[in-house]
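Over in Swiss-Prot, the protein carries these features:
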- Gly122, Thr123, Gly124, Thr125, Gly126, Asp145, Trp173, Asn188: S-adenosyl-L-methionine binding site (BINDING)
- Asn188, Pro189, Pro190, Tyr191: substrate binding site (BINDING)
Amino acid sequence: MADQSCIAEALQWAYVQLAASSESAHLDAEVLLLYCLNKNRAYLYTWPEKALSVEQWKRFQQMVQRRQQGVPVAHIVGEREFWSLPFIVNDTTLIPRPDTEILVESALNLPLESNAKVLDLGTGTGAIALALASERAAWQITAVDKVEDAVALAKANRTNLKLEQVEILQSDWFSAVTSHDFDLIVSNPPYIDEADEHLHQGDVRFEPQSALTAADEGFADLYYIAKTARDYLKPNGYILLEHGFEQAVKLRAKLIELGYQNVATVRDFGSNDRCTMGKWMGLIGI
């Protein structure tokens, strides 16, 4: 293997290396090379003949080899874009997914006051809470996670994005939450069945299982949040939960059973059921 390469050759080499192990080999190669060069995508195709330095080429090869081993690109570069914001990521929590932007969009579309109080449960990187804060500066947002390292990561992203108005706490779901007058409670909790065979495939192998799986065929945390949230929502407050595409029917039924009204599901960019919401009137004690 040569000690140096130009951009076009490096991309082609990386694609060949990754084609058998990644469904997004072209994109992976681009993202990794952009990170090595600290350039934007246009640069790659404007200057395909530009030579990489010996150090850049060596580093790029090492990163491609890690990707061949299945390590997520976001973990290799330490960053993932979400809601057009750069988030620091690591292996202590989930990598933000594009589908979760539907939850953010749905929250922003709710008829809330300009100073609404919002709680984000299981915040992980802080992606949902910080994306909302970037759009609604006056919202009073609290984000919680039970994992100490995840809380530290969310705080680092808060500082990096200059969104210090967001309160971030360590809390096992509601355990450290003292307010009981939220206008909106959002969560992307663990919702994958513990027996799901896909947990042993692809990028999720490198993410914490505790952030992915839940008991009761993946419904345990969804049901717990839906039930407990009623004690933390003000009358006419909303709950908004992300879930698996096959869980919408049962989750809607559970929300209705618990006394929520105006229960509805929103589909993601792939037309899969992704988020379900309900309005808590504060009138039924169940």
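Please read every residue number as a count from 1 along the shown chain.
For all residues, glycine too, the Cβ spot is worked out from N, Cα and C.
Most other Cβ atoms within 10 A: among the binding-site residues Gly124, Gly126, Pro189, Pro190, that distinction falls to Gly126. In terms of C-alpha distance, the listed binding-site residues Gly122, Thr123, Gly126, Asp145 place Gly122 closest to Pro190 (substrate binding site). Spanning the residues Gly122, Thr123, Gly124, Thr125, Gly126, Asp145, Trp173, Asn188 that the record associates with binding S-adenosyl-L-methionine, the maximal Cα-Cα distance equals 15 Å. Look at Gly126 (S-adenosyl-L-methionine binding site): DSSP puts it in coil. Counting other C-beta atoms within 10 Å of each candidate's C-beta, the binding-site residues Thr123, Thr125, Asn188 are led by Thr123.
Look at Asp145 (S-adenosyl-L-methionine binding site): DSSP puts it in a strand.
Between the CA atoms of Asp145 (S-adenosyl-L-methionine binding site) and Pro189 (substrate binding site) there is a gap of 10 Å.
Of all Cβ atoms in the shown protein chains, 27 besides its own fall within 10 Å of the Cβ of Asp145 (S-adenosyl-L-methionine binding site).
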